[in-house]
Amino acid sequence: MVRPNYLAMKTDQLSQDIINSDMNDLKMAAKNLIADATRLGGLGFGTSFLKWVATFAAIYLLILDRTNWRTNMLTGLLVPYIFFSFPWALFNLFRGEVGKWIAFVAVVLRLFFTRHFPDWLEMPGSLILLLVVAPGFFAYTIKDSWVGVAICLIIGCYLLQEHIRASGGFRNSFTERHGISNTLGIILLLVYPVWSLVLHIV
């Protein structure tokens, strides 16, 4: 009876040592990734990473609004926010032939099959249309300038202020149902434009 306990204890200690070793390896890999990324891209890497985070936060809030968040806020402002913060890889993909085909199908469905066009597709359809038909001045000049970043900051501040007002205060915005996820999503909208404007100023 003593022997199985000894084996079990030895196995538990061995598995704990392996897990600790793996965690140390992950920590070292993360430190190396951060060091290499800052050496290669410097502050630009942080800006592009935050642009991806802000875009996904806006898409997340757009999905929440279409599913269970339903507020009186002007969440249609998320569409221009996504337009101005969309990473270039996705922006060029949707601005090209892929986006044109998606926009064409969305317009045909909306015009001829109105009963089969769900309400939750209105905002994504608007985003695709905006990406495809936006003039080059907006798509290539304003998008990456400080003006586009300022527009993103104004939209993020407005949505945060409206969310806090609708919740009944800053504290309530974290305590109500779905409050933390909504508030954090809106705060993530503010991180990219603030960081980018600081870099433009400095």
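Glycine residues also receive a Cβ, built from the backbone N, Cα and C atoms like all the rest.
Since the structure is predicted, the reported quantities are computational estimates derived from the model, not experimental observations.
Per TrEMBL, the features are as follows:
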type	residues	note
TRANSMEM	43-64	transmembrane segment
TRANSMEM	71-91	transmembrane segment
TRANSMEM	97-113	transmembrane segment
TRANSMEM	120-139	transmembrane segment
TRANSMEM	145-161	transmembrane segment
TRANSMEM	182-201	transmembrane segment
Subject >> Interface check, the transmembrane segment (120-139) with the transmembrane segment (182-201), three or more C-beta pairs under 8 A >> reply: no
Original post:
By Cβ distance under 8 Å, which residues at least 6 away from the ends of the transmembrane segment (43-64) in the same chain are close to it?
Top reply: 37, 75, 78-79, 81-82, 85-87, 90, 123-124, 152, 159, 178, 181-182, 185-186, 188-189, 191-193, 195-196, 199
Original post:
What parts of the chain pack near the transmembrane segment (97-113), using Cβ distances under 8 Å and only residues at least 6 beyond its ends?
Top reply: 121, 125, 128-129, 131-133
